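A.B. asks: What TrEMBL shows for this protein is this:
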- 151: active site, proton acceptor (ACT_SITE)
- 150, 154, 173: Zn(2+) binding site (BINDING)
- 75-302: domain 'Peptidase M1 membrane alanine aminopeptidase' (DOMAIN)
- 379-701: domain 'ERAP1-like C-terminal' (DOMAIN)
- 237: site 'Transition state stabilizer' (SITE)
C-alpha cells in the first residue's frame, strides 16, 4: 500500500512503514506487504493524531488519539501487550506468527461500530479505548478492558483463521466474546470475569435464543448483505461464547487449548468451517474424556439448530429422572441435544467441579442418575456453575427443598452464581408458563436476605422484563415497584457508601443497588442525588464519575423544571470526553417534561447537531426507557420522522433496532395498532426493516397477551404478600444516612 498525504499528517495501515518519501508539498508513505488476510480487515488512516507507544516482546504497541484525549489511552496501552501474551499462553500461537511487528490502535470520535479488528490497526469508539481514572467510572474501565481483549482475540480468531462464510460468524465472534472475559481475567484477576460472563452473556442470550425468530449459530440461509448484518447479534457473540465455554468445561482445559492450537496452526492464513474446528479438537480428545460420541456430533446439536434445552428433574425413590425438551417452543419433531450434566447435593456441596458427571443423549427419552437421593440429602442442584447452556426445572418437591435451603443460614452453602442461576431459571420458567409467578416469586424470596451481586443482577434482569410489560402508572405497576423495594431492603442496607476501598465487584454492586433505588424513587436515594447535583450546578463541585449516571438521571427525572436538563445539555455541548457525553445522553432522556423530550429527539436528527451520528439511537433509547410518556412520544416521533431516523442514525439496521426497542415497550393495544398501521403504510420505504418490523409487531402482541394472562395472578400475589406492610412508596429504609462519596460504578441505565 502507498499513501500520498499532506506533510503535517501521518499515514498508518495494517503493515509497518517501509519508507517515507518527502517532497516540498506532500509525503508518500510506502508500507510493507500485509499478511495474507480477508479484504474486510484492510484499514488505513491519514491523521494528525498523537500516539503513545510501548515496545514489549518485540511488538511495538501504539495507541492513537486526539491531543486532547491521548493521555486517556494509558490503561489500554498497559493492558494490550499483556493480553497478547495471555492469548499466546492459552493457544501457544504468538502474535508474531502474522509476520507483523507492530499493533496500532485508533480511537475514532464518530464510529458506527463499537470496534473493528483490522489486522495490525484496530479501530475503536473513544468510549471503548480511552479511560481517565479521575473522570470515568470503573464500569468504563471494564468496558475498555473487555473490548480491547475482544479485538485482540480476533488477531487469532477471525484474522489468522477466518470463518469461510458469514453463516458461521460465531467462529469469529464467539471466540472473541469468550476470550474478552477469560483472557482479561488473567490480568484483572479480582474482577471475577468468569462469573460476570455468566450474568452478562450466558443468561442474557438465553432470553434471546428462546424467541421463535432466533436463528441457529450456524445458519445456512445467509445470502444477502441484510442476512450478513443479521448474523452480527447476540446469538453469534453471546451464545457462541457460551457454547464455547461449555465445550471447554466438558473437554477440560488441556484438551480444549491443545485442540485450539492445532486448529490455528493447521489453518493459519486460511478460512474454516465449524467442522474444521471440531475435527482438530477431536484429534486431541483423550479416551479419558468419556465423550458419548465424537465432538462434531455433540457440537452440531448445539450449533445447527436454534434454541436450547430445558432439563426437567424428577425424583423417583433414590434416583433422579432427567428429561429434555426445547425451552419455550413446541417444535415437531422435538429437538434434542447432547447435554453434559453436572450436579451436587446438600451433602456434597461440590460447586467447583464443572466436568460432566453424566450425559443426556438425543436418542434417549430419559436419563437416570442412580442413587443420588439418600436420607441425608435435602436438595439437589443441576448445572453446577451454570456450566451448560440450559435451563433447569424441578418437580414440586425438589423446588420446595431448594426454597427451604435458600432460607437457611448462608443459603445452606449454595454459591452466589448458582443462586443467580436459580433466580434466572425460576423467573424465566414463569415467563414461559412452566411455573406460576407465585411459585417463582416464592422461590426467589430468599433475596430479601441476600446482598450478593450475582443473584440480584439476575433478579433485576427479570424485573426489567416485568416492568417493560406493565404500565408503570397502573395499579399493578406501582404494586410491583413497591414489592421490589421491599425485597431489596437488605441489599440496600449492605451498601457502605463511605468506604472507597472496595473490590471491583463490590463497586458494581453499589452502583446496581443505587441505580435501582433511585429509579424506584426511594427517598434517601433521590434526595442525596438531588443534593449532589445542586452542588455540582451551583458550586461546581465534582461528582464522583461512578455516581454521575444515577445522579444526572435522578436530577433530571425528579424535577419538573427545565434548568437541570438545560445545564446538562450545555455540558454535553462542551464535553470533550465521549464517556461523559454518553452518560449525559442517557440521563437527558430521564426527564418527564414532554417539551424537552420532543426537543431532544429532534436534536438527534438535526444536521450539525451536538448529537453525533453514532449516538442518535442512544438518544431514542434513553427517551423510551425513561417513562411511559417517553414511549408514547417515541412512537409518534418514529411515525413522523422514520426516514430521517434512518439517515441520521446509520441506516436500516439502526431503524430496525429503533422499531424493535420501541415495540418491546408498548403496553396498550392502541399503541401496537398505531405501529402496525405505520408499518403497513410504509412497507416499501422500510425495505429490509419491514420484515424485522413485522416480527417486532408479533412480539408486541405477545407482550400484550402476556399481560392479560398474568396480571390477575401477579396482582393477587403482590396484594397477598404485601398485605399489611403499608403503602409507603419509600418503604426501603436505611439504618444510616446515605453519603455518596464512594468509588463505585454507575451502570448504564437499562431499566
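Glycine is treated like the rest: Cβ placed from N, Cα and C.
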A.B. asks: What is the set of residues, excluding 150, 154, 173, whose C-beta falls within 8 angstroms of the centroid of the C-beta atoms at the Zn(2+) site?
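C.D. replies: After dropping the recorded site residues, what remains is 117, 151, 153, 157, 158, 172, 175, 176, 177, 179, 180, 237.
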A.B. asks: Taking the Cβ of residue 154 (Zn(2+) binding site) as centre, how many other Cβ atoms lie within 10 Å?
C.D. replies: 24
A.B. asks: Residue 237 (site 'Transition state stabilizer') has how many other Cβ neighbours within 10 Å of its own Cβ?
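C.D. replies: So the Cβ neighbour count for residue 237 (site 'Transition state stabilizer') comes to 23.
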A.B. asks: Give me the CA-CA distance between residue 237 (site 'Transition state stabilizer') and residue 154 (Zn(2+) binding site), in Å, as a whole number.
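C.D. replies: Roughly 12 Å, rounded to the nearest whole number.
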A.B. asks: Any idea what the model's mean pLDDT is for the domain 'ERAP1-like C-terminal' (379-701)?
C.D. replies: 93
A.B. asks: State the three-class DSSP label for the residue listed as 'active site, proton acceptor', counting H, G and I as helix, E and B as strand, and everything else as coil.
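C.D. replies: The residue listed as 'active site, proton acceptor' sits in a helix per DSSP.
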A.B. asks: To the nearest Å, how far is the Cα of residue 151 (active site, proton acceptor) from the Cα of residue 173 (Zn(2+) binding site)?
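C.D. replies: With the alpha carbons as reference points, the distance is 10 Å.
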